[in-house]
Amino acid sequence: MLNLTGKNALVTGIANNRSIAWGIAQQLHAAGANLGITYLPDERGKFEKKVSELVEPLNPSLFLPCNVQNDEQIQSTFDTIRDKWGRLDILIHCLAFANRDDLTGDFSQTSRAGFATALDISTFSLVQLSGAAKPLMTEGGSIITLSYLGGVRAVPNYNVMGVAKAGLEASVRYLASELGSQNIRVNAISAGPIRTLASSAVGGILDMIHHVEQVAPLRRTVTQLEVGNTAAFLASDLASGITGQVLYVDAGYEIMGM
């Protein structure tokens, strides 16, 4: 049985109860982890209120604002972790964004600003958060991010996000190579399409889900909690020999030729 008792885990990217990050947070909590949750701050406090109410049953010991495009907020987040916890064991990176206009139509029409924004939030944030977490993972650790098949195959309308996920998976390998000597493992979970706030921006997402339900060996898509189970496994000592990998949790869709 998975046991994360005594482990400190920071979970990023929870927006609502359909977020994959929410499924991961629930399973880490069920395994006994001590949770810290970040939220995206906004002027009206909309996300803070919504996420705070959602995660309250998990009793997180830290609840922090963190916009990954704001270097000061990132530093403040990890300073607080150091001061309150002293150590970080698990980092969950569930952050992705691209402008809606760049997730439909022709990829060649992606704007320069849209391309930069997608890679900054979806890819570089993993590098930056991992760098901030590194000195706090004094007893080793596990860093886990979320990818998608569109990072290795051309998926209609996924466009610039596919490029961002390809960069994310490469970043996993480079971070795993760098951090392995400190017993810090870095892995990605490539989940099948799930209806989330982020995926709703992708043109034709419902068609993608229906296609997976028809073609995947299990004849269904996966749930947030199934992804959460995999994350809890990767965060645990049961996965102590796994790093630099992309694990597909997609009902088997990735293996199909057509």
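Cβ coordinates come from backbone N, Cα and C, glycine included.
Note that the structure is a prediction, hence the values are computed from the model and not measured.
Listed features, source Swiss-Prot:
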ACT_SITE  Tyr148  active site, proton acceptor
ACT_SITE  Tyr158  active site, proton acceptor
BINDING   Gly13, Ser19, Ile20, Asn67, Val68, Leu95, Lys165, Ile194, Arg195, Thr196, Leu197, Ala198  NAD(+) binding site
BINDING   Ala98  substrate binding site
Cα separation, Tyr148 (active site, proton acceptor) to Lys165 (NAD(+) binding site) (Å, whole number): 7
Assigned element (helix, strand, coil) containing Arg195 (NAD(+) binding site), judged by DSSP: coil
Fewest Cβ neighbours within 10 Å, where candidates are the binding-site residues Lys165, Arg195: Arg195
Distance [Cα-Cα, Å, rounded] between Val68 (NAD(+) binding site) and Tyr158 (active site, proton acceptor): 22
